[in-house]
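Notes follow the structure.
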Amino acid sequence: MRGRRIPIALPNTGALSRRRHTLYIRSAIIIFILFAFLQFHVINYDSSDSGSSDNANYSTAAILQMVPPVFHKYLTGKPRNSTHGQNGTHYAGDGPRTANISDIMRMINRYNDLQTVLNEDIYGPLQNDSVIIVVQVHKRITYLRHLIVSLAQARDISRTLLVFSHDYYDDDINDLVQSIDFCKVIQIFYPFSIQTHPTEFPGADPGDCPRDIKKEQALLRKCNNALHPDLYGHYREAKFTQTKHHWWWKANRVFDQLEVTKYHTGMMVFLEEDHYVAEDFLYILELMFRKSQDLCPKCNILSLGTYLKTFNYYTYNKKHQQQQKLLQQQRQLQQQQQLMLQKQRQQQQHQQQQQQQQQDQLSQQQSLQTQVTTEKYASQSQWGYQVLPTLYSIYQKVEVTPWISSKHNMGMAFNRTTWYEIVRCARHFCEYDDYNWDWSLQHVSQQCLKQKLHVMVVKGPRVFHIGECGVHHKKSNCESNQVISKVQQVLKVARGAQQLFPRSISLTQTSVIKKTKLRKGNGGWGDQRDHQLCFNMTLVGR
């Protein structure tokens, strides 16, 4: 007869404890994987976000939505008869609409002689502490429209005088400029343009030497200026010489010849038709000017713009908010992981003495590994955040450096004191074999000025370059909306984060800058006729 089975207690092998321990380990691994995934997402957030920005809407309608309706009038053309007589000024007999050179010359001379200041009856005469904004205009009206829209939205713009300096007479451009009603406006016209001199100097004379002809052949041909090719052996091209001539004429005109400006001692800001300004650019300029005596007594130029390709991360504020959310989730996971490890250690204390040593050792290894891994990723997270440039903040940063033509020629501002130093070096400017006005100005700084040009430049740009094409850039789409839209988005983010109109400015720690080497000019300016025309502009009105 079979007896009943009597259960016999077996020795505790720790199986239950091991299973519980395994569960904790697996949970910790899962949390660690989630932590690593989120960290990887933070580090690579910039690249993923920039990829999505490619799908942004760059249509004209989207750009128009970013502009207050009251300023839409500057972005749309009007019939020819709808804009005359605005601003209390009517140019009777504005001339025929055909491109007749003699008529254009007559109108240019009339504008330059009258020196009519539009809207002066509304905004009053120019004050000595007001800012004069000088805009060099060719014929890219689309960009000019957006510049005007940006100027219209600037705080205190009504206190300024806008000087539009043209080297191309165009009725549509004139209508656009004369429709401005938010400040005082005056137009001046460069009188030696290619438009008015198409077949004679300073345009392209049929007797001029071809660009690439050898000097020996030029002498045999007896073409104009055969004796004076540039330093690369090339002869002048009129289309490349005009910009430097125009810039020099314009500066001489506003500082020394215009009745409304020739005694002005305040700041003059120099812009171009394809620039775009932030709404606080005048506020920043005044702040920089007031602080310059303390932060940089030797600075004689202020710069509001930059050419740095930083559009992809100017919108750092939005990305920073996203990253903060991710980092918060990481911290929560870290806390959960620490709680899990704490419970695991408590459980291990109640396990059998036989397994205690082994489990303690394993726990120490895990703790060490977790600590090293956590410190590593925390370090990467902190570093990744620091590389995001805080270009806009309530305490705006500025930098002091020697003036460099390729970096500080956009949105530059200086006063009459600086101009007098520059104009004394007219020979150096006019005879330097480089067709770029900014390179010529740097040559003046290096070779002639007793105190070289030093600039205070704002790190968060208030002047942007929106032109896709120009003298040095030839693209198939020269009226692209992409850059305009990006600039609008940059300023929208800065505005939404309340990072425009900073309370103060602070000087960043600048690195030691090596002495600027003397640079060889780019050529294109070897013709003696260009030298003489340039220098004569300085003599007029003196």
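Heads up, the Cβ atoms here are built off N, Cα and C, so glycines get one too.
Curation does not apply to TrEMBL; its annotations are automatic.
Residues or ranges marked as transmembrane segment by TrEMBL: 23-43.
Packing around H246 (substrate binding site) is summarised by its Cβ count: 22 other Cβ atoms lie within 10 angstroms of its Cβ, all protein chains included. Feature annotation from TrEMBL assigns substrate binding site to Q136, V137, H138, K139, R140, D167, Q242, T243, K244, H245, H246.
Feature annotation from TrEMBL assigns disulfide bond to C209-C223 (among others). Under a cutoff of 8 A between CB atoms, and with a sequence separation of 6+ in the same chain, the neighbours of C209 (disulfide bond) are A218, R221, C223, N224, N225, A226, P229, Y235.
Other Cβ atoms within 10 Å of the Cβ of D274 (Mn(2+) binding site) number 24 in total over all chains. TrEMBL lists D274, H465 with the feature Mn(2+) binding site.
For C296 (disulfide bond), other Cβ atoms within 10 Å of its Cβ number 19. Per TrEMBL, disulfide bond is recorded for C296-C299 (among others).
If you look up TrEMBL, you'll see 316-365 marked as coiled coil.
Around C425 (disulfide bond), a 10 Å sphere centred on its CB holds 19 further CB atoms from the protein chains shown. The disulfide bond annotation in TrEMBL covers C425-C448 (among others).
In three-state terms derived from DSSP, C534 (disulfide bond) belongs to a helical segment. Long-range C-beta contacts of C534 (disulfide bond), restricted to its own chain and to partners at least six residues apart, with a cutoff below 8 Å, comprise K244, H245, W248, A426, F429, C430. The annotation disulfide bond is assigned in TrEMBL to C430-C534 (among others).
Annotation comment: TrEMBL describes C469-C478 (among others) as disulfide bond.
Listed in sequence order, the recorded positions near R140 (substrate binding site) (C-alpha within 10 Å of its C-alpha) are D274, out of D274, C296, C299, H465. Taking a C-beta cut-off of under 8 Å and a sequence gap of six or more, H138 (substrate binding site) has these contacts in its own chain: H166, D167, Y168, E273. Of all the binding-site residues in the record (Q136, Q242, H246, D274, H465), the one with the smallest CA separation from C425 (disulfide bond) is H246. Residues listed for substrate, Q136, V137, H138, K139, R140, D167, Q242, T243, K244, H245, H246, cover a largest CA to CA span of 19 Å.
Most Cβ neighbours within 10 Å, among the disulfide-bonded residues C223, C430, C448: C430 holds that distinction in the structure as shown.
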